[in-house]
Amino acid sequence: MSEEVAATNADVPASEDVQAEEHRIPQPDKITNKDLMKSWFGWWWANEVPHTFDRMLAPAFCFGLIPTLKKLYKDKTELAKAFQRHLLFFNTQATWGGGTLTGVTISLEEARAKALANGEEPISEDMINNTKVGLMGPLAGIGDSIDSGTVQYIFIAIFLPFAQKGNFMGALLPFLCFAIATFTYGYYFTKMGYSLGRAAAKEIMTGGRMAGIIDGLGVLGLYMMGILAGQYIKIQSYLKFTISKKTFDVQDILNTILPGILPLFAVLMLYWYFQKQGLKITRGLVYLTIALVVLSIFYVI
Amino acid sequence: MHVTLSIWQALLIALWVALVESRILGFSTLTMRFSPLMTGMMVGFIMGDIKQAMIVTAAIQLVYMGFVAPGGALPAEPCIATAIAVPVALLGHMSPQGAIAIAVPVGLLGSYLYQFRFFLNTFALKPMDKYAKEGNARGLGFAIMGIPTLISFALFIPLMFIALYFGAPVISGLVANIEHGTLIHVLNSVGGGLAALGIAVIMQVIGKKQLLPFFFLAYFMSVAFAKLDISMTIYAIFGAIFAILYVTFTSKKSTN
């Protein structure tokens with residue numbers, strides 16, 4: 001400490017330069033394909049490991065960005081701010097969402113670091129966060145249905161006959177195919193996100209074409225969520241009651257009014273809860289579980 | 001062939017489950033978790049009867065065919081189900097169908113274990129905020145990867161070991177008792193309904209209320225066409241067409 005004080009005191013004529021340096025951060029290093037691979041691999045590797053209820057996959061996303069952010073922000077305060085903003089709530093699918101957004105985020109962070117180094121108006125932290133949050137939902141909807149819903153089961157279906165005959169290749173081959181395919185196109189998405197993000201950074205700020213892309217992805221994401229809701233939520237009523245020797249089956253009555261009304265009701269109640277109370281996922285989970293347990297103990301569902 | 005389950009074999013299977021459920025092997029563990037195949041193969045290697053293990057696992061796979069986790073919530077844990085059901089089936093010379101009867105309830109219980117992992121992570125990962133604030137990359141990396149891995153291993157290895165070494169003989173008897181009871185009905189109902197959470201989360205995250213009609217369109221398409229057994233790829237193509245049409249028409253309106 002005392003040495004530093006002595007050093008600044010000795011450099012009195014240079015104090016103006018020191019002040020200017022305080023506003024500017026050192027020039028960032030150039031981002032190479034190797035850095036993109038490091039960040040993609042970091043996200044791919046961490047992906048679900050640090051999953052929490054309150055921030056979901058944000059820690060994994062931040063983990064992937066660590067080596068790149070270190071190259072971009074040689075200033076300790078800016079680096080700490082960058083770490084902190086990427087630990088905020090984030091949830092998406094690994095390749096379509098995470099790959100693309102790793103690339104887009106790196107390009108935005110690079111633009112911000114360069115602007116800070118050159119003393120220009122930088123892209124704001126909010127802008128980086130809004131881009132991530134705006135794209136993560138739609139891309140997750142697409143990625144969940146394509147990667148885990150389609151690609152995975154295509155490979156399993158192809159090699160299942162091996163397993164049925166007792167051959168271990170029936171397990172190993174679908175795993176290897178899935179792992180190699182998703183890793184490869186996930187890296188491709190990262191590179192695409194990086195080059196697209198750099199060109200699109202301005203457009204996102206002013207609206208324009210990027211708003212159309214986000215809208216289109218929103219349509220596709222909500223559409224796929226509707227399909228998944230119809231196929232994967234299994235809630236039906238087992239309630240039966242007898243009035244003057246006539247038995248009424250509640251599910252039959254519901255089917256004549258509107259088939260699939262109960263799963264839809266569950267989703268809409270949760271959605272309505274999130275709209276009113278904000279995205280409180282843990283509470284949503286607890287309330288839903290309690291409701292399902294209570295109703296099913298009495299065989300209402 | 002006479003198969004046994006020694007302490008070491010039970011430990012190795014428990015270690016495999018911890019590797020998969022901690023997700024420490026990266027995104028590729030998705031298919032190890034969603035599909036029973038890799039776990040069945042490892043159990044076969046460890047217990048020395050690959051052929052029978054694969055035959056039983058293939059039957060379990062059919063039950064979990066098409067499982068996805070919208071928004072991250074999987075209604076059962078096929079990996080845990082298989083790690084218990086295949087050893088039990090091999091020890092008891094059971095039919096593949098008998099193994100399914102064990103796998104399904106164990107898988108439902110396992111999904112709570114996986115949720116419990118998120119719950120523990122939520123509290124244990126707090127040090128990452130401290131390291132982020134300090135700009136300490138090394139500490140941040142450890143908090144994000146090291147802590148949750150230790151938690152998963154401490155959670156899954158003892159539980160799986162106890163369940164396998166002491167529980168495997170008891171489990172087959174227990175499952176026969178609860179197969180038609182209220183407990184299994186409740187587990188099935190909760191497992192079937194939990195998928196609603198992930199979907200609602202993504203709807204909220206997409207956050208564009210004016211696009212909600214597309215959710216309803218898709219929901220009633222999938223309900224109405226359920227009997228046609230349309231594949232996910234075809235639905236994705238429909239969705240892409242709707243998305244393109246929507247963007248085309250709304251952007252024209254704004255330029256006029």
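Every residue, even glycine, has its Cβ placed from backbone N, Cα and C.
Annotated transmembrane segment per TrEMBL: B:32-50, B:62-86, B:98-120, B:140-166, B:186-203, B:210-226, B:232-249, in sequence order.
Counting Cβ pairs closer than 8 Å to the transmembrane segment (B:210-226), the top stretch among B:32-50, B:62-86, B:186-203, B:232-249 is B:232-249. Only residues 6 or more beyond the boundaries of the transmembrane segment (B:32-50), in the same chain, are considered here, and those with a CB under 8 A from a CB of the stretch are 1, 3, 5, 9, 12-13, 16-17, 20-21, 23, 25, 56-58, 60-61, 64, 67-69, 74, 77-79, 81-83, 86-87, 90, 103. Taking Cβ pairs closer than 8 Å, the transmembrane segment (B:140-166) reaches residues 5, 7, 10-11, 13-15, 17-18, 21-24, 80, 83-84, 87, 113, 116-117, 120-121, 124-125, 127-128, 131-132 in its own chain, all 6 or more past its ends.
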